[in-house]
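**Student:** As annotated by TrEMBL, domain 'Photolyase/cryptochrome alpha/beta' applies to A:1-104. As annotated by TrEMBL, region 'Disordered' applies to A:131-159, A:502-552. TrEMBL lists A:134-156 with the feature compositional bias 'Pro residues'. What TrEMBL records for A:226-230, A:268-275, A:372-374 is FAD binding site. Annotation comment: TrEMBL describes A:299, A:359, A:382 as site 'Electron transfer via tryptophanyl radical'. Annotation source TrEMBL lists compositional bias 'Low complexity' at A:504-514.
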DNA sequence: TTTCGCGTTGATGGC
DNA sequence: CGCCATCAACGCGAA
């Protein structure tokens with residue numbers, strides 16, 4: 001099995017140390033599983049700008065493979081690359097087999113059932129899924145009947161390639177291991193299944209059956225209130241169909257007494273499914289310009305506006321001066337993970353609530369930092385929180401002082417993630433700039449310029465009102481545009497991609513990023529000619545830039 | 001016993 | 001999966 005590490009998967013700003021460590025651990029675990037079955041994983045690195053498709057095809061042919069197997073990537077950029085790989089492989093005389101397994105359903109199946117137009121609301125999506133019926137059950141785990149590994153293929157790319165195919169270390173990829181020390185989730189499928197079963201078994205399944213996402217706690221950092229399976233789902237380490245099937249079993253044990261979508265855990269998988277379907281079918285889903293789903297709002301752009309860049313930097317480095325916001329960012333930077341509701345606070349504050357930054361800028365920061373980064377979910381959720389799409393109540397603004405205080409009156413979460421503030425009296429923990437000098441001194445902290453923690457970079461009471469007015473204006477002009485007959489076109493399905501260009505990231509000019517969004521492949525291959533079918537549950541590994549293929 | 005002052009609670013509506 | 005101002009209703013102690 002071959003896994004290709006593209007530069008964007010191993011370097012900032014697209015990838016941070018924490019997620020890279022998780023990926024490398026998962027690759028190591030996959031290699032171990034393959035070796036236990038008499039095969040192995042070969043990791044190859046390619047240089048920036050290399051023609052990966054041609055090199056993969058050439059390497060496969062040179063080591064005697066007859067079939068190239070990989071999993072579909074449902075993102076536009078991924079589909080473009082898949083097409084290139086498929087074409088290059090076919091030209092090299094290889095049979096090509098692709099599978100759909102990253103989502104519960106093959107996207108084309110849902111789009112067909114929906115008449116070619118992806119639903120735009122969760123309610124409509126849920127009824128679509130009800131009509132289609134449950135997803136296929138996961139396939140069994142591969143056994144020990146894998147063919148022996150072929151001779152190692154020649155290295156891909158230039159001298160950067162890892163000749164022996166071993167999973168590289170963080171250090172070998174140019175990272176300081178200390179930067180990834182905050183990782184709290186172990187990589188690999190065995191760890192994923194163990195975490196999944198541990199959660200499913202909480203109070204005999206009662207926790208699953210009573211699960212309501214909005215009611216989970218964002219300040220339970222020692223033992224998160226949610227599953228924290230998203231990193232595994234995002235990387236392709238855990239099959240969504242495996243998770244779904246087990247959830248249904250645990251729900252069934254309650255004799256019909258369990259929560260339901262959208263708040264249940266199955267509902268969380270449907271959110272994921274919904275955003276994936278939209279990301280694969282709405283033009284430019286990952287950005288504002290040219291995205292028919294996204295309200296056009298005159299955000300400040302940090303790439304062209306120095307003041308906006310300063311605000312963005314303060315937000316991204318946990319220096320806004322609002323402890324609730326900064327504690328969330330501190331957790332994200334350290335661990336690569338924050339609770340869903342913490343992400344709400346961060347995203348609302350960065351966009352319509354306070355800083356008025358483009359949601360694309362915030363999404364780019366999350367792309368680097370999130371362990372569970374997924375282009376479809378990231379864009380969908382940033383559009384949601386910025387009230388650019390899906391969500392219209394732009395006046396519901398999270399208060400950076402009031403909101404978290406309701407669930408954590410003593411500020412334990414803040415004290416843990418912002419240790420400089422740990423000794424402040426509870427009265428000031430959410431508003432440290434109000435603490436008198438004597439109180440600050442007693443707490444061993446100095447707030448403000450040159451101190452240990454900054455004063456607020458904006459006055460929430462003032463800017464939130466200004467921003468609500470701006471949002472109201474943007475909503476009015478959006479409504480006017482729609483009345484003027486400028487409606488967004490229906491979202492058409494289609495194999496034919498008219499929207500090729502890198503729809504999942506910021507505009508290419510802003511990042512210089514190569515297209516990414518990769519997938520992996522399954523170990524179990526039929527030697528069939530080009531065809532597509534669903535792949536299954538166990539054992540795969542998928543990343544945005546990885547590609548695994550089986551040689552025989 | 002009635003009335004007043006004052007603080008708390010909950011419903012409501014606007015942004 | 002907001003926040004706040006407003007107001008009515010209420011509880012309670014004091015006069």
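Backbone N, Cα and C define each Cβ position, glycine as well.
Unlike curated entries, TrEMBL annotations are predicted automatically.
The model shown is predicted, which means the values in this text are computed figures rather than measured ones.
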**Student:** Tell me the residue counts in helix, strand and coil for the domain 'Photolyase/cryptochrome alpha/beta' (A:1-104), as DSSP assigns them.
**Tutor:** 50 helix, 19 strand, 35 coil
**Student:** Kindly state the mean pLDDT of the domain 'Photolyase/cryptochrome alpha/beta' (A:1-104) in the predicted structure.
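**Tutor:** Reported value for the domain 'Photolyase/cryptochrome alpha/beta' (A:1-104) is a mean pLDDT of 91.
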**Student:** Which residues does residue A:269 (FAD binding site) neighbour through Cβ under 8 Å, counting only same-chain ones at least six apart?
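**Tutor:** A:104, A:240, A:243, A:244, A:247 - these are the non-local Cβ neighbours of residue A:269 (FAD binding site), listed in sequence order.
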**Student:** How big is the Cα-to-Cα gap, in Å, between residue A:275 (FAD binding site) and residue A:359 (site 'Electron transfer via tryptophanyl radical')?
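**Tutor:** Approximately 16 Å lies between the Cα of residue A:275 (FAD binding site) and that of residue A:359 (site 'Electron transfer via tryptophanyl radical').
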**Student:** Work through the recorded sites one by one (A:299, A:359, A:382) and name whichever has its CA nearest to the CA of residue A:271 (FAD binding site).
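**Tutor:** It is A:382, whose Cα lies nearest.
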**Student:** What does the structure give for the C-alpha distance between residue A:299 (site 'Electron transfer via tryptophanyl radical') and residue A:226 (FAD binding site)? Integer Å is fine.
**Tutor:** 32
**Student:** Do any of A:226, A:228, A:230, A:273, A:373 (binding-site residues) have a CA within 10 A of residue A:382 (site 'Electron transfer via tryptophanyl radical'), and if so which?
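**Tutor:** The binding-site residues passing the 10 Å Cα test: none.
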**Student:** Just counting, how many other CB atoms are there within 10 A of the CB of residue A:275 (FAD binding site)?
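**Tutor:** Cβ-Cβ neighbours of residue A:275 (FAD binding site) within 10 Å number 25.
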**Student:** Counting every protein chain present, what is the number of Cβ atoms, excluding its own, within 10 Å of the Cβ of residue A:230 (FAD binding site)?
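**Tutor:** Taking all protein chains shown, residue A:230 (FAD binding site) has 21 Cβ neighbours within 10 Å.
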**Student:** In sequence order, which same-chain residues at least six apart have a C-beta under 8 angstroms from residue A:359 (site 'Electron transfer via tryptophanyl radical')?
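**Tutor:** Once residues fewer than 6 apart are set aside, residue A:359 (site 'Electron transfer via tryptophanyl radical') is near A:288, A:299, A:347, A:350, A:351, A:382, A:383, A:385, A:386, A:388.
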**Student:** Of all the recorded positions given, A:271, A:299, A:382, which has the fewest Cβ neighbours within 10 Å once its own Cβ is left out?
**Tutor:** A:271
